[in-house]
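In what follows, a structure is listed as structure tokens, so that the remarks can point back to it.
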Amino acid sequence: MSSLIKILPFALRQTRRPIACWTANNFQASQRYVQTESNAKENKKSANINEETQREVQHHSKLAIDWWDRNGPMKALHALNVLRVPFIRDGLVSHGNIKPNLIGTTNVLRSQTILEIGCGGGILTEQLARLGASVTALDLGEDLIEAARKHLSQEGNPKLCDLIKYKLEPIELHAKDSHHLNFYDAVVISEVLEHVDDKIGFLTASVQCLKPGGSIFITTLNKTLPMWIGGVLIGEYVMNIAPKGTHHYEKMISPLDVQRILDTMGCHTVLVNGSTYDFWNNSWRWINSTSMCYALQAVKTEI
């Protein structure tokens with residue numbers, strides 16, 4: 001309880017930072033990206049990962065061994081698939097180039113190329129690939145890539161393995177490869193943005209990889225007092241739903257601020273859904289408010 005008393009005044013003192021204060025210089029990557037290449041460590045080194053980002057990576061890497069335990073520390077992330085997978089699927093059907101004959105089938109995302117940034121141990125990655133998508137998944141945690149690759153290999157599904165490519169590579173470096181520019185049908189940033197310092201730099205690189213007409217999907221925590229008290233203080237320090245210190249108030253961001261940033265990058269927000277997590281039943285549901293968490297879809301303007 002003493003931890004709550006120390007942290008709460010800090011949250012109350014925080015004010016929303018104006019967009020103008022954020023800079024795209026010195027990209028600071030998110031907490032999770034993954035690898036398979038032999039030059040992965042060089043990629044990580046050249047990204048100039050700062051101390052705070054390293055702390056985020058280390059924090060989540062400690063959870064790698066239990067990442068696929070549906071009753072473990074990542075159980076809320078497993079449960080979130082019930083909302084976020086249909087959100088991405090239906091968003092691509094509504095605004096993507098899904099062939100009519102694939103709609104309503106188990107391979108609805110066949111031929112779709114998806115870039116997932118901050119994939120962790122692959123909880124969302126595998127589900128998107130099971131719908132037929134070809135997924136390139138980035139993360140910074142070497143232990144997480146091992147967990148993702150190990151679980152994928154244990155599935156014993158060669159077709160699924162062919163659809164997924166894990167990389168230890170920051171999005172900024174990924175975007176510097178000309179082959180990746182305007183390449184992906186969708187970019188997915190799920191439960192990652194709240195761990196990123198330089199959101200403008202991060203989103204700029206993300207949007208650069210997106211095809212004109214493609215969609216970017218974001219799920220994250222809102223920067224509100226209800227979220228901080230209910231989702232973080234109670235969730236982490238009382239209910240132990242997530243390890244203490246996983247989320248930080250100053251890194252959270254409102255859907256309006258995300259929309260404003262994406263607008264400057266030629267991405268028009270088409271949908272924002274509010275969501276909340278039920279601690280007792282380990283379940284997520286859509287709600288008519290974004291005061292807790294939200295899912296956002298924006299479409300990149302056609303050239």
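Cβ atoms are placed via backbone N, Cα and C, with glycine included.
What TrEMBL records for Arg84, Gly118, Asp139, Ser190 is S-adenosyl-L-methionine binding site. Sequence-distant contacts (6 or more apart, same chain, Cβ under 8 Å) of Ser190 (S-adenosyl-L-methionine binding site) comprise Leu80, Arg84, Glu116, Gly118, Leu124, Phe217, Ile218, Thr219.
Model confidence over the domain 'Methyltransferase type 11' (115-218) is summarised by a mean pLDDT of 96. Marked as domain 'Methyltransferase type 11' by TrEMBL: 115-218.
As annotated by TrEMBL, Mg(2+) binding site applies to Glu191, Glu194, His195. Note: Glu191 (Mg(2+) binding site) has non-local neighbours Leu77, Leu80, Gly118, Thr219, Thr220, i.e. same-chain residues 6+ apart with C-beta under 8 A of its own C-beta. Following the DSSP three-state reduction, the secondary structure of Glu191 (Mg(2+) binding site) is coil.
Counted within 10 Å of its Cβ, the other Cβ atoms near Arg84 (S-adenosyl-L-methionine binding site) come to 22, all protein chains included. According to DSSP, the secondary structure content of the domain 'Methyltransferase type 11' (115-218) in residues is 49 helix, 31 strand, 24 coil. Comparing Cβ neighbour counts within 10 Å across the binding-site residues Asp139, Glu194, the minimum falls on Glu194. It is Gly118 that, of the binding-site residues Gly118, His195, has its Cβ surrounded by the most other Cβ atoms within 10 Å. For the pair formed by Glu194 (Mg(2+) binding site) and Asp139 (S-adenosyl-L-methionine binding site), distance between Cα atoms is given as 15 Å, rounded to the nearest Å.
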